[in-house]
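Trainee: Following this message is one structure expressed as structure tokens.
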Amino acid sequence: MAHLQACFLNIFKASSLLILLYYPTIVTCECTCEVEDLEHGKGEALKFKLGSILSILVAGAIGVSLPLLGKKIKALRPENDVFFMIKAFAAGVILATGFIHILPDAFETLTSPCLNQDLWGQFPFTGFVAMMSAIGTLMVDSFAAGFYKRMHFNKNKQVDTTDEEAAGEHEGHVHVHTHATHGHAHGSASLKEDLALSELVRRRVISQVLELGIVVHSIIIGISLGASGSPETIKPLMAALSFHQFFEGLGLGGCITQAQFKSASMAIMATLFSLTTPVGIAIGIGISNIYDERSPTALIVEGIFNAASAGILIYMALVDLLASDFMSPRMQGNFRIQLGANVSLLLGAGCMAFMVRWA
């Protein structure tokens, strides 16, 4: 019996010695495998990020360029009925982007428990920033349009004064009567020109402010995607953002077309829109090793910019894109266009809302 106990004791000691000798090796192997998986995940994520840059760049460029090619493609000309449908669909995409994608993200970041709750938890900063950005957009619209109108009015006033002085140098009842008739006709033409110029100025301001709102949130989205290290997160985002960028480009391209900028200005605005998200992704890739999306500074900056972008896009979609078209005499007088535009609006907003599942 004592001999048997001694045998069991020797076996136990030998087993313990073997475990102690091999356990560090096992631990080391497990850690090495985890590091290898992490490195493989980063490498795979980088491939998807580079693919996202190309996909989003092409989608955005095609989307913003299609309305600009209206001179060659009749269906995309602003005077055609189809253009109303396309613009309404794009406006629905932009509206859903503001309400469903950007604003909830801003709420989430600015109410994060990582922030000082004595400050950020006691006041609804997200709604406040979104409201102020919408009001600011309204002010920019108003002041810019007023400035251009006053500038044009003063220029016309100087021209009219010069005409009156030249007319005063001549004498004769018949000549004065003829000049007065001509002046009345000139005045009617001038009024029409003023109305046309006022509408053109408004559309130019709309296109520039809309691009500003899109650019701000596109940079943030791009940095977030570029800094992400998970292929499972990046793959659905690549498809969702390509769709999003294409139809945002359609809406912006339609506004740029109606603003009648010079070709060089159109090219610059289209290029800026197309490059913004890819540049944001490239920045995100560059700072992915040092960027901490949970740090208070990153949360505050991202939340405030997202809230401001949401306010701008919601205002622009409702007031400048939809209201101006939906309340226009042409749409009000044509039930077919009116119905088609409303259906397109709902489809655009619905499709973008559905994409929130992946983005």
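Including glycine, each Cβ sits where the backbone N, Cα and C put it.
The signal peptide annotation in TrEMBL covers 1-29. Under the heading transmembrane segment, TrEMBL lists 53-70, 82-103, 123-148, 205-225, 268-291, 303-323, 335-356.
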Trainee: Output the single range from 53-70, 82-103, 123-148, 303-323, 335-356 maximising the number of Cβ pairs under 8 Å to the transmembrane segment (268-291).
Mentor: 53-70
Trainee: Which residues of the same chain, at least 6 past either end of the transmembrane segment (53-70), have a Cβ under 8 Å from a Cβ in it?
Mentor: 76-78, 83, 86, 238, 241-243, 245-250, 252-254, 256-257, 266, 270, 273-275, 277-278, 281-282
